[in-house]
Amino acid sequence: MGSNKIWLRAETKPAEARSALTPTTCKALIDAGYEVTVERSTQRIFDDDEFAKVGAPLVEEGSWVKDAPKDAYILGLKELPEDDFPLEHVHISFAHCYKEQAGWEKVLSRWPRGGGVLLDLEFLTDDAGRRVAAFGFSAGYAGAALAVKNWAWQLTHPEGEPLAGEKPYANQDLLIQSVKESLQAGQKQSGKSPKILVIGALGRCGKGAVQLAKDVGIPESDIIQWDMEETKKGGPFKEIVEDADIFVNCIYLSSKIPHFVNVESLSTPSRRLSVICDVSADTTNPNNPIPVYNITTTFDKPTVPVTLPNGTQGTPLSVISIDHLPSLLPRESSEMFSEALMPSLLQLKDRENARVWKQAEDLFNQKVATLPQTA
């Protein structure tokens, strides 16, 4: 079951520059006796040469399908390209098919059909039930950055032109500088700083959103931090609609909860809210607590307008629902994630005796058992 072969596949999602391994963690695995193969990539934040220099052989993008040894772990981040061929390898990635997302049966059924296994990164947990590695902080940070930019953009583009596309930033300082410039332009128009309300503020993702707000100079008095205590009475919450300019949703959705906002609550003439950033991006989840949009946005087109009933007064309102926000800061987010994942990766040789991987495989088998017969 265990193997010392790891094959880092190239990401195929547009604008996805992150990597499950960095040159540093790749070297640490090689030093520990692992055979690490790296697919070339034109979009990864790390150059191919950086991996070659630490001793990893480079192979062509997508070559894992035909060339990877049967016992190699196929390591990646985002979901595989849509396809139908059965999967025979053990894959380690975020597959987004365990919470009955749209099309989950088609995605998940590829592994049992090929005799392969999915070890989903989203569900790797430690003894206390906490995720061993997550992009939460980076997601919240990037989401809040785009939300502030969108708030300012709406003020400086009153004719309703949507927020321009964004490309990944080489480092965090460049992102902060860009957001500060937008913020100043927005403040010049409005004469004030935006009020930003973060739900899930005590979690990793929420802490990232709050930190961005502080880093770009939004006063603490304008950063409203909510968590389970503030939301336990159940929404919709008029405070989100009437007290905040920007709402950043950072919760981890595990069950049905009352809506935070909905079309009805947003239709009040007292609405102040103009930007929603749904970092959780549970767009197709039937329990989405922000049921005012139905598409996942992209870095090319970061926002989607919210359609309110005819005659509704007030400022424009748009949603950011990008589902790979940490790729806005690919270097820092990859380094943070890969470093946190390392202790688990180092157990892959002896996977059958490693709790984190045994638990991941048990969960895979449980989910496979729920597949409809036709999948």
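For all residues, glycine too, the Cβ spot is worked out from N, Cα and C.
With Arg18, Gln101, Arg131, Phe135, Ser280, Ala281, Asp282 listed by Swiss-Prot as binding L-saccharopine, the candidate from Lys5, Lys78, Lys149, Lys301 annotated for that site turns out to be Lys78. Of the residues Tyr252, Tyr293, Swiss-Prot puts just one in the NAD(+) site with Arg130, Gly203, Arg204, Asp227, Thr231, Val279, Ile322, Asp323, His324, Leu325: Tyr252.
Partner cysteine of Cys250, as given in Swiss-Prot, is Cys205 (from among Cys97, Cys205, disulfide bond). The distance from the Cα of Val279 (NAD(+) binding site) to the Cα of Cys250 (disulfide bond) comes to 6 Å. Per-site Cβ counts within 10 Å over the recorded positions Cys250, Ala281 peak at Cys250. Following the DSSP three-state reduction, the secondary structure of Arg131 (L-saccharopine binding site) is strand. Comparing the Cα of Arg131 (L-saccharopine binding site) with the Cα of every entry in His96, Arg204, Thr231, Cys250, Leu325, these being the recorded positions, the smallest distance points to Arg204. Within 10 Å of Asp323 (NAD(+) binding site), counting CA to CA, the binding-site residues Phe135, Ser280, Ala281, Asp282 contribute Ser280, Ala281, Asp282.
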